[in-house]
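According to TrEMBL, the features are:
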| type | residues | note |
| --- | --- | --- |
| TRANSMEM | B:7-25 | transmembrane segment |
| TRANSMEM | B:45-69 | transmembrane segment |
| TRANSMEM | B:81-103 | transmembrane segment |
| TRANSMEM | B:109-125 | transmembrane segment |
| TRANSMEM | B:137-159 | transmembrane segment |
| TRANSMEM | B:179-200 | transmembrane segment |
| TRANSMEM | B:226-254 | transmembrane segment |
| TRANSMEM | B:266-286 | transmembrane segment |
| TRANSMEM | B:293-313 | transmembrane segment |
Amino acid sequence: MHPLLEINNLFGGYERESVLKDVSLSVNKGDFVGIIGPNGSGKTTLLRLLSKILRPHKGEIIFGGRDISSIKLKDFAKEAAFVPQDTIINFSFSVLEIVLMGRIPHLRRLESESKNDLRIARDAMKMTDIAHLEGDYMDELSSGERQRVIIARALAQEPLLIFLDEPTSHLDIAHQVQIMDLLAKSRRLANLTIVTVLHDLNLAGEYCNRIVLLNGGKIFKQGSPEEVLTYQNIEAVYKTVVVVDKNPISGNPYVLLCPKEKA
Amino acid sequence: MNNRLKLKIALLFFILFAAIIIGVLKGPADLGIRQLLSRAYMPILYLRALRIFAALSCGAGLAVSGIALQAILRNPLAEPYLLGTSSGAGLGAVIALICGIASRWLPLFAFLGAALSIFIVYNLARQNNRIRQESLILSGVIVSVAFSAIIVFLVSISGSEVLRSLSWWLWGSLQVYDARLLLIVSIIVFAGVLVIYLFAQDLNAISIGEEEAMHLGINAEQTKKILIFTTSIITASLVCVCGVIGFVGLIAPHTMRLLCGPNHRVLIPVTCLGAAIFMILCDIIARVIYPPLEVPIGVITAMVGAPIFIILLRRSEKI
């Protein structure tokens, strides 16, 4: 079976300067991939290249057997959805209106949503546990709820793949776990593939089956959490002393910081 | 569409109908219905009907342009003259007035002035073939200020007659001098509003964010360019027949957003109704407040609009 997403010798970034240099990586259907790395290592740039916001300078991105530059934006949006860090909405749309926007790629110009579209949107809201918020306005929600609405919108696109850019960065630990559990659940139920940038190494270790560690625009190491989250790798990339141990309950690796100054 | 929305729309239609009737009946010449419908007063009836037609075009064109720009720029305070249309048209008109060009060519000069300023603003804002919203707003302000300075300079070195004619352009009027021009402009406005409506769904997504829209499969950059072009054509054409009428493009969309929500598929048609009502009522005030003289309608829209706007802002922090 071909990988769902295949990246070969990718260079890309802004203007003329390539932030990413020679990145190659493949993602299989059903993978939960975490992209980690220090600030400025090119995580977000990689995600923006993969989601057709930026054009590669060199190299290719193959999605479902086709180069993504040859796929129309609208067709691409039927297969791949994107969840940004935080969505600030200036206009007071209701939750249902926002989730229904996920159906835009499936609608023709001026076509209004059918009963089926409405059903898909409502299913997505049930999945993300926001069905009770349907009529509420986006600007009245907490950031955890807002993020769930945006994930519901992504699910309503009925994609094969969801990209997320640090989906938990503004949330407390309870909401972080809630969002990550939600992603794991949709991966299990809808056989979704998930590619997410994460700051939190422990979340990456707990939820991802594959981790890509970026450093200076290059892939430093990729593989299973046990392979990537070693103290050698992390100390080399983050220039910080850490201890890596196993979570006694899940058995996944976790990373502890070692401060230079005593409290 | 739910029932409450249907009721609101029916109510708006009713108010519009009432406003049209009042607009036809009221004017500096105090005439009854019977007189108005008699053959002798036909010309007055015709003129008043033309004004109402102008109010409909102007209201719909300016308000829908406002909606489109507010969504594209994700700035609820954007208005149709943001691209420098008003000062450009004013400059075109003042040049024509000073050069003593026949008044029937004035609209053409105003249009050219408006087109010139939009062209400059657009190109100032463009970087690497992309339009950033902040640079568009900034260059609009810069060009407006520069053009206004040139207008004041030209006016100050010429006679007061020019100033008087110019105030008509800068504050607007629905007095129609050329019915054929009005018809052409109305067709352009109607087509433009239709084009913007075609993008209603895209505007919903773009009003949240350009990249968000792209993730939903919308070519945001291209949509933005098409809509900036469309709103420019609408405002530049309207400025030829009606001069600059402020506040409609701001207040009608806002009020209607509060009434019917931000979904552009509903908002655009509903705002056409609301803006038409607002324009007709303001025009009635402009005609009857100090007869037989007529106050420029832009003065009325600003005086009525500003307090409404403040109340709206106060009442709901969300826009």
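Keep in mind that glycine also has a Cβ here, set from the backbone N, Cα and C atoms.
TrEMBL labels come from automatic prediction, so no person has curated them.
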Which sequence-distant residues neighbour the transmembrane segment (B:179-200)? Criterion: at least 6 residues beyond either end, Cβ under 8 Å.
50, 53-54, 56-57, 60-61, 64-65, 67-68, 107, 223, 226-227, 230-231, 233-234, 237-238, 240-241, 264-265, 267-269, 272
Ranked first among B:7-25, B:81-103, B:137-159, B:226-254, B:293-313 for CB pairs under 8 angstroms with the transmembrane segment (B:266-286):
B:7-25
Under 8 angstroms, Cβ to Cβ: which one of B:7-25, B:81-103, B:109-125, B:137-159, B:293-313 has the largest number of such pairs with the transmembrane segment (B:45-69)?
B:7-25
Would the transmembrane segment (B:226-254) count as touching the transmembrane segment (B:7-25), if touching means at least three Cβ pairs under 8 Å and pairs must be 6 or more apart in sequence?
no
Are there residues at least 6 beyond the ends of the transmembrane segment (B:81-103) whose Cβ is under 8 Å from a Cβ of it, and what are they?
69, 73, 109-118, 120-122, 136-137, 140, 143-145, 147-148, 150-151, 154-155, 158, 162, 165-166, 169-170, 177, 228, 231-232, 235-236, 239-240, 243-244, 246, 249
